[in-house]
Amino acid sequence: MAKKYDFLFKLLLIGDSGVGKTCLIIRFAEDNFNSTYISTIGIDFKVKTIEVEGKKVKLQVWDTAGQERFKTITTAYYRGAMGIILVYDITDEKSYENIQNWMKSIKENASAGVSRMLLGNKCDIEAKRKVSKETGEKLAKEHGIRFFETSAKSSINVEESFTSLARDILLKSNKKPGPSGREVKLTSTEKKSSSKCLLL
């Protein structure tokens with residue numbers, strides 16, 4: 001059977017527990033929102049194919065648990081990621097301050113040159129804002145990465161942010177030597193639906 005995509009990119013969302021990583025992924029992959037999601041246990045992923053620069057790009061978006069007790073499991077997934085999205089909650093200053101620790105975690109565990117992006121989530125809750133947009137922009141600029149304020153609930157900048165990161169990875173991969181760029185082939189045995197890893 002013919003392949004239905006040109007590239008497969010693995011993206012990883014990291015950030016403190018409760019910042020809305022799962023909600024962002026479900027909004028992006030399924031265009032759905034539910035405020036009663038329980039915390040992710042270990043790691044989970046969703047798949048969505050989008051069009052970028054005339055190419056069909058299949059995104060495998062991995063959702064990680066933000067709690068410290070799952071750190072050993074989640075950091076194991078950094079290595080194969082081509083894009084890492086750092087998420088904080090604009091109504092929770094601590095989640096923003098912890099972005100520096102997540103950046104350190106990327107440096108220690110991810111592949112060199114991985115594409116990164118910073119998202120300030122829950123921008124629909126303006127009345128409870130604790131982190132200004134300028135503060136987020138400043139941090140992203142310091143690290144030389146893209147920044148978006150998003151809302152999974154109101155569907156603000158969700159599609160745009162994922163697409164822009166996919167475009168960055170695609171353009172970067174096109175500059176690499178070799179005929180295949182960063183194309184990754186899936187075997188027919190690989191599951192195409194959502195998969196969960198639970199710790200009992």
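Cβ atoms here come from the backbone N, Cα and C positions, even for glycine.
Here Swiss-Prot flags S17, G18, G20, K21, T22, C23, T40, G66, N121, K122, D124, A152, K153 as GTP binding site, drawing on similarity to another entry. D124 (GTP binding site) falls outside any helix or strand according to DSSP and counts as coil. Every protein chain considered, the tally of other Cβ atoms within 10 Å of the Cβ of D124 (GTP binding site) stands at 15.
In the structure as shown, the Cβ atom of D63 (Mg(2+) binding site) sits within 10 Å of 25 other Cβ atoms. The feature Mg(2+) binding site is assigned by Swiss-Prot to T22, T40, D63, with similarity to another entry given as support.
Taken from Swiss-Prot, the feature motif 'Switch 1' applies to 31-45. Averaged across the motif 'Switch 1' (31-45), pLDDT for the predicted model comes to 76.
Residues annotated as compositional bias 'Basic and acidic residues' in Swiss-Prot: 182-193.
Annotation source Swiss-Prot lists cysteine methyl ester at C197, citing sequence analysis.
Of the listed binding-site residues, namely S17, T22, N121, the sparsest CB environment within 10 A is found at S17. The most densely surrounded of the binding-site residues G20, K153, judged by C-beta neighbours within 10 angstroms, is G20. If you measure from the Cα atom of T22 (GTP binding site) to that of D63 (Mg(2+) binding site), you get 6 Å. Under the DSSP three-state reduction, T22 (GTP binding site) is assigned to helix.
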